[in-house]
Amino acid sequence: MSRPVITSIDDLKRLYRRRAPRMFYDYCESGAWTEQTFRENTSDFSDIRLRQRVAVDMSDRSLRSTMIGQDVAMPVALAPVGLTGMQRADGEIKAARAAEKFGVPFTLSTMSICSIEDVAEHTSAPFWFQLYTMKDQDYLRRLIERARAANCSALVITLDLQILGQRHKDLKNGLSAPPKLTPKTLADLATRWSWGLEMLGTKRRGFGNIVGHVTDVGDPASLMSWTAEQFDPRLDWSKIAQIKEMWGGKVILKGVLDPEDAKMAAKMGCDAIVVSNHGGRQLDGALSSIRMLDPILQAVGGQTEVYLDSGIRSGQDVLKALAMGADGTMIGRAFVYGLGALGEAGVTAALEVIAKEMDTSMALCGKRDIRDVSRDILMVPEDFSGRWQAP
Ligand SMILES: Cc1cc2nc3c(=O)[nH]c(=O)nc-3n(C[C@H](O)[C@H](O)[C@H](O)COP(=O)(O)O)c2cc1C
């Protein structure tokens, strides 16, 4: 079968939709409640326009940059995405390998299918590990030790999911890993045979960082059960400081969407924050990440690196975030579409599409080095962030 021509992230999404079981497509392609924040994360990027410049030397362009001091081929990291190994067999390993070959960071979720050890064994570049804080302190400590033993180069602590936002489709579909075999899922899987064949060929079908490492959980296949029973709803700044100390290495705080919280995060001495609303999956009605970026950058005043995720579907979106002042970005769904569509090659295709779009747009805005882009390549509506600022 010849590979389809991929020219955009949307191409990958269409293929992904055909190939992945409905339950996992829905899990990825949904936001909390009305999905307002999920939609606006993407649509708000189109309110920002680019300034076309001409008669500027466009040779020798570079997208290279650094994130937390690491050299990157472009400032785009793969975000932590739970259940990636259900989108495609061994999905985390495939995505991590694509990221490594491309030269961008990969972040492994606590809620991954492939375990920390498994990903470490199948890659050679150190990856980042995303931590959800758990009630069980022993388990939390062991998770951190496992990430250290696997040579992870940063701990990404996610702050916006102590309790799970409601996505209607997951409840209606009975989301679980592996899927429970009901008449509805069987009918769907019958049309997704290549997914099923690959899945039969792997042993990695449960939550690899958790199953076998903790006891006393109602339903070990259910994300909802894990979250409700294990995640620590009492997480606060003092606990974050303890975890930071326990880890002792680079720390990225993910899920910051308010200037006050950003100031706290910077004061703690973290290496970076990720301006994020979890891709619109948690607090529906929150503003998009791109609208909150400017007030957060002002609050932080250069004390820590500031990354942005939520809503990025193109290289132009990345360029806009960087030109607004972000030091880097993360992509979630954009790489999952690629993985579900074409496996490792699809993640590479997603990264290539983003790089190409970023490079061409940067050049047409009159810039040759991604580290030189700034606000002057953008046309931003006057009230883009201001109209919404909290008192
Ligand atoms: C299917 C899915 C699962 C996710 N799982 C996690 C997770 O386990 N840990 C985490 O910190 N963020 C998780 N996120 C949030 C992403 O890390 C990231 O913030 C979000 O995807 C960015 O938005 P985008 O998908 O529009 O790029 C998940 C996102 C999606 C779409």
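Yeah, the Cβs are placed from backbone N, Cα and C, and that goes for glycine too.
Any TrEMBL annotation is an automated prediction that lacks curation.
Taken verbatim from TrEMBL:
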type     : residues                                                        : note
BINDING  : TYR27, TYR132, ARG167, HIS278, ARG281                           : glyoxylate binding site
BINDING  : 80-82, SER109, GLN130, THR158, LYS254, SER276, 309-313, 332-333 : FMN binding site
ACT_SITE : HIS278                                                          : active site, proton acceptor
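Recorded features from TrEMBL, shown on the structure.
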| residue | record | Cβ contacts under 8 Å, 6 or more apart |
| --- | --- | --- |
| TYR27 | glyoxylate binding site | LEU83, MET86, ARG167, LYS169, ASP170, ASN173, LEU175 |
| PRO80 | FMN binding site | THR107, LEU108, SER109, THR110, SER112, TRP128, GLN130, VAL156, THR158, LYS254 |
| GLY82 | FMN binding site | SER109, THR110, MET111, SER112, LEU223 |
| TYR132 | glyoxylate binding site | THR110, MET111, THR158, LEU161, PHE231 |
| HIS278 | glyoxylate binding site | THR158, ASP160, LEU161, GLY165, GLY255, SER310 |
| ARG281 | glyoxylate binding site | SER30, GLY31, ALA32, PHE38, GLY165, ARG167 |
| ASP309 | FMN binding site | ALA79, LYS254, VAL274, VAL275, SER276, GLY279, SER289, THR329, MET330, ILE331, GLY332 |
| ARG313 | FMN binding site | ILE9, ASP10, THR42, PHE45, ARG333, ALA334 |
Listed binding-site residues adjacent to ligand 1, that is, members of TYR132, ARG167, GLY311, ARG313 whose C-beta is under 6 A away: GLY311
Protein Cβ atoms within 10 Å of GLY311 (FMN binding site), excluding its own: 27
Coarse DSSP state, helix versus strand versus coil, of ARG313 (FMN binding site): coil
LYS254 (FMN binding site) - helix vs strand vs coil (DSSP): strand
Fewest-neighbour residue among binding-site residues, criterion Cβ within 10 Å, set ARG167, LYS254, ARG333: ARG167
